[in-house]
Each structure stands twice: as structure tokens, then as C-alpha cells.
Amino acid sequence: MAKKLCGTNYPVSICFIVVNEFCERFSYYGMKAVLTLYFLTYLRWDKDLSTAVYHAFSSLCYFTPILGALIADSWLGKYKTIIYLSIVYVIGHVVKSVGAIPTVGSSDVHIALSVVGLILIAFGTGGIKPCVAAFGGDQFDEEHGSERQKFFSIFYMSINAGSLLSTVITPILRSDVQCFGGDCYALAFGVPAALMIVALVVFTVGSGMYKMSPPQGNILLEVCNCIGFAIKNRWKRSKYDSQKKHWLDWAEEKYSKRLIQEIKMVLRVLVLYIPLPMFWALFDQQGSRWTLQSTRMNMAFGDFFTIEPDQMQMLNALLILLFVPIFDLIIYPLIGLCKINVTPLRKMAVGMIFAALAFGAATLVEIDVVKSVVDPAPAGKCLLQVFNLAEGDVSLMIPSSDLFKEPIPNLRDPAQYETLPASGEDLQFQVTFNGKTSECNHTFLQREAYSLILYPDAAGIQCNVVSDYIKKNDNGKPLLRFLNTQPEAINITIGEVSFYLPSDYSMSPNETVNRGEYLVSCSSPSGKCSKLNLGLLDFGASYTFILMEASGQIVAHRMEDVKANSVHIAWQIPQYVLLTIGEVMFSITGLEFSYSQAPANMKSVLQAGWLLTVAFGNVIVLIVAEGAGLEQWKEFLLFAGLLLGVCIIFSIMANFYTYVDPDQLDKTRMEYSGREEDDDDEDHVKKKSNDVNLNKRGKSTRL
């Protein structure tokens, strides 16, 4: 007899299962939270490829549960399936973490390890997904149904707790802990790997207390075989016998009428699943496109704290915990008091509308976000800004151009980049200072950005052209560089980042630093450089600091090459609120509706169908990200429009759906079961040789 918790009807074994699930969900969501930025900043993939691979991984995670269910029900049983696939899971995490160590091989090695690790993780997490909850339910005796129901509530709370904590903690580990000279992705992936090892150890420790059921065959496989047989039989015999009312009736030769009737009930629900992937196409972009949007926003909440771009995903887990009781206890009862007939399918349609509105809000935010982004130059053009270091106004004339009509003041921070022709040949321009004109020749390449530095010497004005990096930093942090105008070398240290600047108008490369106010140390042979006040280096900006002498000391004059992120990340909250409302009305209602409209022994078939809608939703994002090539705000608007269109189709389909009373389902099932028993008795009297077929029809199935 199974041990009980403190005199209750709860088996001790469920403690190991709940802890295992918490650790596994922490492991999965913690790794996934930083995945997009890992692709972008560590593997150096572009945003579209990063998004595509992210959703390819997510899609695989929702295809593999079907494989896990088949292995558990037809071969190994749930316990061994969880153990073996958890080992695969752990190996995937370890491989993924090793791939995030910069000293391990080349970039190709990192990519290979990352891809292999993600594939193993997808098979691990997907394979155990359908097993753990069901295995927990198996620990209860049939007479303890209420305790089992409470267990599932605790079980799903552990999922949300693991998700919430991991999406807060792992981005902090990535960003705040620096290792190998940058963000510590090895640690951010290593901690989830450690949690998965803990999950496996905890689950194994409880092995002596588990109630284990042997494999009983998989109902999903039986359903697929029945459907396949019906289609094959109809194709062969429809020319000679066309008296069947339904195409599934062609399977009656081999399968029981009860099973065929139950499959008909399930197919009525599965047809409604066809439009559903579009909702998940929007929903799962929280970890990809919305995270990328966060990197181009201001993430500081005053002087109190800053948030990492990949931490915003925790809002969904937090809001789910808030909204589920609010909807169940307040909103739905109020709607009922108003005598508004809100059916489950109508709730799902409204959930789609809220998700579309969330992407409408994301579109509006994106339009504002891109205002601080420097658009790259088109083909045949380049971008140019001018720094005037002469002690007075300078006039610049470029042949066949009306740019720079007004004189350029000393140390003026250019308001924007100007666009000029770039043929790849020398471009000659004239610079006039104090009535004296100098000529400069430089080659400009198309689609590049440059800074033209004008500085005085004994012969007049000299010109120096340097290449600029105009893209915002992928992780949202500021970039800066220094221009040394002094006749001596200067060393500057900002945290763990060091700059060495040779003398005479040398420019350092761009480096990434954390957002904040900076008073930094510097040194020079003459001792004129000791401290530099850089002021606030803000999110998303790129700065050029010009080192000049003033009152016997070297000071830093700031130029802002790329504007700081002007839209606060709090403007993402409305889209998260709208999307989470959509999830509550769509996802939770959808599962409840599905389970109420099909026989109890077909729940696993509906669960498989539901997971496949998530998988195909991620495939849609993968296709759009790689194939559409749209500006981000247009892509958001496209998804919103597509979901609204799908919502209309779904609403029409729902209008023709006839709801089934769950009690009537069980009654119908009993009737078919009773008829088959009578038929079996009659067949046994008539002909004993039918025993084989009867055994096939009476095959047991798993709930």
C-alpha cells in the first residue's frame, strides 16, 4: 500500500513528481528565455534567422509529445519513458551549455553544439510532457478523485512557478554576471541544466514509492489505424458498396462500433482545431519578436532598477496567475448575471480578437520604437555625418550636392546622418575655414555609414574619414568609442573594458558597456588625463567621445551617433495584458471545451491534436520570418490581420457546431458498449471462429 502524507489520502510519491515538474519547467523556460538573444549576440545570427530557429525549436518541442506518448503507452511505460528521456534532456542541456563557452572551438563548433543540444532538449521536454502529469494522476486510487483534482491544481501551479522564477532569474545570470569578456550565456544555460539534473535525481529517488501501470496500448495509435483502415477500405470497395452513411463506417469490419462512434465525436472537435495554429503563431512570439522589440526600448525604471529585455516574458506567467481567478470568480459570473450567452467557442473567438489587439498594440509601439533607429542607406548611397574640430565655423561643399549649405559650427553634435552618392570612386569636396579652402578626396562605399572629421593643422583643415556602426546594440546596451585629438596616447578603463588610443586623431573601435552614469579613469604620459565625466550612457545609443584639452586637463566632448531608445519598455505592458487575456479566454476555454465534447477515453487524442496546433503555429512564424521580409511593424500588423481573418472563419465554423451534453456522451458510450456485448454473445454462439476479431474489438484503451 502506498505511503500517505500525514494521514491524508495524498500519496508521498506526488511530492517527488511536483518537485520534478517545477525543476523541469524552470530548466525549460529558463533556457528558452535567453535563447533569442543568444542566437543574436553570441552566434551572431540576424534577427530573422534567430526568430526562425527559435520557432523551429518551439515547434519540435510540440511535435515530440506524440512520440513520447507512443513510447510510454506502447513500449516502456510512463516511468521508464520519463527516466530515459530525462537523461536525453540533461545531455541536451549540457551540450547546449558547453556550446556557450567561447573557448570551446570555433563559431562552427558553437553552432553545431547549440543545434544538437536544442534537438536533444526538444525530444526530452516534448517526450516527457504527456507522461508526467498522467503519471502523477496514476498515483491516486480511484476513490480519491477529489484529491487527484487538487493534485493537478498544485501540479500546474508548480509549472507556472517554475516558468515565472526562471524568466526572472536566467536573464539576470546572463547579463549581470560577466564571463569570458561578455554576457555569461554559459551560466545562463548551465543553471537550467543543473535544475534538470536535480529534477531527474528527485524523480529517481521516489522510484520505490511509485504506483506503476504497465503499457496498455495507445489510443491515438488505434484511432489513426482505424481512420487509415476506413480510408483504405472505402477506396477499395466504394465502387461495389456505397451504402455507408459515414466514411468511418468502412472500418466496421475490423474495429468496434463504439470506437468508430467515439472517433466521429472526436473528429467533430478536431475540425474546429484547423484555424487554431494562427493564435499560437502570435502567442509564441513573446520570446522572439517581442523580446527583440524590447532590446530597442528604454529599460530603466528611474533610478530604482532596470529590467533585461528577455525578462519581460515573465509578465505572461505573472498575469496568468492573476487573471485566471479574476475571470473565473468575477468576470464570467458578471457576464452570466447580464444573461449574455457566452459559449466556449465564443470565448475562444474573443480570445483571438484580444490576441490580434495585442499585436495591434505591438504595431503602434514598434512605429514609435523605430524613430530612434538610423535607417541604412539605400543602394548607390551612403550616410555621412561631420565633426568640426576647428575653432570656428567650417563650410563644406560637395560637388553636385546641395548638402551642408549652412556653415558647420565647432563641436556641433550632428542632428542626423546625411545621404550622399557612393559610387565606389574618389569623391572630392572642398572645406573652407577662415577664408582658406582645402580639398579632400575620399572613397565612399554604398550602404555604409561614415564620420568625416575636420581638424586644423598648420596647412589648414585636414580631413579624416572613419566608418560608423549605426545599428543598435543587439542586447540593448549602449555603444561608445573615443577620438583622441591629443599628441600623446591615452588609456581609458570602463569597468572591464579598456581603450587604448594612439596619438593624433585616432579613433577606437565601438565597445559595449552597461547603461549608467560614468566617471571613468584615464591616463596619459603628461598626466593631463585622470578622470573623464561621460554622463549618462543610455540604452540603445551609440556615442563618440572626443578627447580635447581644456584648462590643462583632458575632457570628453560627447557626440550621439545613434539616438538613445526613446520609448519606455512599460509601453509593452498593454500588449502583454491583451495577449494574456486572449490566452485565458482561448487556451483554457479551448481545452475545457474539447474535453467536454468527446468521450473520456479520447482525451489523449484531443491533447495530441491541441499540441499539434501549437507546433504548426510556430511553423507559421518560421515561414513568415524567413520569407516575408517585411518591416517589423508591418509584420506585426500582418499577423494581427491574419488572426482576425482566421477568427471570422472560426466563428462561422462555430456557428454550425452543435454542442454535446457530456452526460449524454457517457450514456451513448454505454449504449454502444452494451450493444457490442450482446453482439459478442450472439457471435460466440453462432461462430466461435470469430474470437480473433472479437478480441480486436474489445481491446482496452488508456484514459
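Glycine too: its Cβ is placed from the backbone N, Cα and C atoms.
Bear in mind that TrEMBL entries carry predicted annotations, made automatically and left uncurated.
As the structure is a computational prediction, the values presented were derived from the model and not from experiment.
Sequence annotations record features per position, and here TrEMBL assigns transmembrane segment to 26-45, 51-71, 83-105, 111-132, 153-173, 185-206, 265-283, 314-335, 347-365, 605-625, 637-660. Annotation comment: TrEMBL describes 672-703 as region 'Disordered'.
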Tell me if the transmembrane segment (83-105) touches the transmembrane segment (111-132). I count contact as 3 or more CB pairs below 8 A, with pairs 6 or more residues apart.
yes
Which of 51-71, 83-105, 314-335, 347-365, 605-625 shares the most C-beta pairs under 8 angstroms with the transmembrane segment (265-283)?
605-625
Long-range Cβ neighbours of the transmembrane segment (153-173) (under 8 Å; 6 or more residues past either end):
17-19, 21-31, 33-34, 133, 136, 184, 187-188, 191-192, 308-311, 313-314, 317-318, 320-321
Are there residues at least 6 beyond the ends of the transmembrane segment (26-45) whose Cβ is under 8 Å from a Cβ of it, and what are they?
51, 53-54, 57-58, 89, 93, 96, 100, 107, 110-111, 114, 121, 125, 162-163, 165-167, 169-171, 174, 183, 185, 188-189, 191-193, 195-196, 199, 287-288, 291-292, 295, 309-311, 313, 317, 474-475
Contact check, the transmembrane segment (605-625) vs the transmembrane segment (51-71), 3+ Cβ pairs under 8 Å, seq sep 6+:
yes
